[in-house]
C-alpha cells in the first residue's frame, strides 16, 4: 500500500527530531448526567504528529475531540495547548480548527467565502484574505471551483473545501472528525493519501477520530485505542498491532487466535505455556514474568503468523495437528479455518503467491506451527 | 381519452369546484349592476368605482394592512427568539413549561384570548394609564401573541433539522455566538422566517374575533367592517372588495411560485453543470493516473 509509506517509514526510522509536547490532556473526565463518556484520560500529543483516537461507538473518542475543540467542557481535569491552560476557553478563542464529519460547509456561501470566513473573524485586511484564500484553494486543488456553492460540489470536493477552511487560519492544532466517514471506499483510500500529504506539507499537528482501524494505521503516527471512556493503549501502528498489551487491544485491531493457558516453566530467556487447547506446549522466546499465585495467561497469535503445512514439523513445541474446517478465498490471501484436536478452530492467512498451487483442501490433515517470537503473551 | 375521465381526475375537478366555485361566483356577482346581491342585473363595474369613494372601507383596508405588517415583524422576532431558546439551549429550568406556554395560543379559543386581553388592557389603563385608548396598538399586541406561536412552531422545526455542526464550525472558526446567529443561522432559516412572516401577515389580516375584543373607536379593521356590513345585508360593494383581495392574494401566490420555480431551475442547472464537469474531470484524470 503506497499510502502508508511516508508514515510507516518515519515510524520505522524513529523520530530524529526531539519531541516537543503541544497538547497535554491531564486526567480529563467528562460526565453527561450519570454516564461517564471520558474517564480519567491523560495523554500528550507531540508537535507535528498525526495522532489518531481509535475506538468503537460510545468509546468517548468524539467527546474527547469535542473537548479539545471547546464544544464540551471537561467535568474534571485540564487541557493544555502549548503550555497554556485552554480548558475554559470558548471554541472561538482557541487556535484550534476542526474538520467536521459532515464537513459543515456554510450552504449559503461560495467555496471562497467559506474559506475566508475564519480569516474575516480575525479582522484580516481584505487583500491578505484574498491571497490566503487563493493559496488555500491551490493547496487543495480547488481553484477553479472558488465561486461554486457547496451543493454544487461532489463529496470529495466538499472535503477539500472543508480541509482548506480549517487550515486557512493556520491553527496550532487541526482536529479531524471521522475524516473519511462520508466518502465511498475507493475515494477514501485516495483521499487518505492526499490528506496526509497536505497535512505534512502544511506541517500542522493533527488529532483525528476514527472507528476505521485501517484508516488510523494508514494516516497516524501514533494511535490511542479507546474503550468505554478510557485509553487501552497508546503506540505506533506497529506497537499496537505487534505488541498489544491487553486482550482488548489485540481483539480490536485485526484478527487474532487466542489460547488460554498456564505458565509451567518461566525462565529469563524462555517460558513454557500449557494450553488445554493444544497438545503441545507453547514455547515463548523470552520470560513472561508471572506472579506466583496466578499462573494463567493468554497467548495471542495473529493469523498471518500461524502457518499451515502438510508435513509434520520436527521440533518439539509450537505446533499442532488439525483438519481444514473451512477456506475463505479472498483474492490476495485465503483464510484457512483449522480445527484442532481439542475442537478449537484457529484462523490462518495464507498468501496466494502462486496462481494455482497444490494446497490443502477441505477436511485435509494439516499441521499449524509458528515461530518462538510470533505471538504475544498477555496478562490481561 | 379514457385517462382524461378517469375516476381520480373527476374527483380532482370536483374537489377544485367545491373549493373555488364559491369564489368564482363571488367575483362574478361583484360585477352585478343590481343593488340586490341575489338578483342578476347585468354587468357593471360601478361597485368598484364606488369603492374609491367609500373612505371608511378604504381606511379599514389600510388599517388592517398596517396592523398585519407590524404583527408580521414583531411575531417573527419574538417567535424566532422563542424557537432558538427551545432548540438550542438544551437544559434550563422550566424548559418543558416554556415550550408548552409558547405554543398554547395555537389551541386557545380566540374568544378567551380576546376577552382576557381586553380585561388586561382595561386593568392596565386604570392602573398605568396605558393604553388610554384601545386601537391599532392593542390589536397589534393581541395579534402578536398568537402569531408568535405560529412562527415559533415553524422556525423551531427548521432549526431542529439544521445540522448543528454548521453553527459549531462557524464558532470554531472564531465567530462569537451572536455573530454565528446573524451570519450563519439567520441566512439558513431565512425561508422559514419568510414563511412565518407571511403566515402572521395573513392571520392578522384575517382575524375578526380578537380585533373585535380589543379594538376601540376609530380602529375598525377590514374583517370587522365587512362583518358589520354583511350583518346589515350583503352589499355588492363587499363583493367588490372581496374580489380585489382575492386578486391580490392570487397575484402574490403566483409571484412567489414563479420565483421559487426560477430558483429551483437555476439550482438544478447548476447541479447538472457540476456533475457534467465532475464527470469530465474524472475522464481527464483517468489516463494520467493509469500512467503513474
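Each Cβ is built from the backbone N, Cα and C atoms, and glycine gets one as well.
Remember, TrEMBL labels are computer predictions, not curated facts.
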Residues flagged as transmembrane segment in TrEMBL, choosing from B:47-66, B:67-86: B:67-86
B:98-125, B:210-237 - the one TrEMBL records as transmembrane segment: B:98-125
For the transmembrane segment (B:12-31), distant same-chain residues with Cβ under 8 A (at least six beyond the ends): 37, 40, 43-45, 47-48, 236, 239-240, 242-243, 246
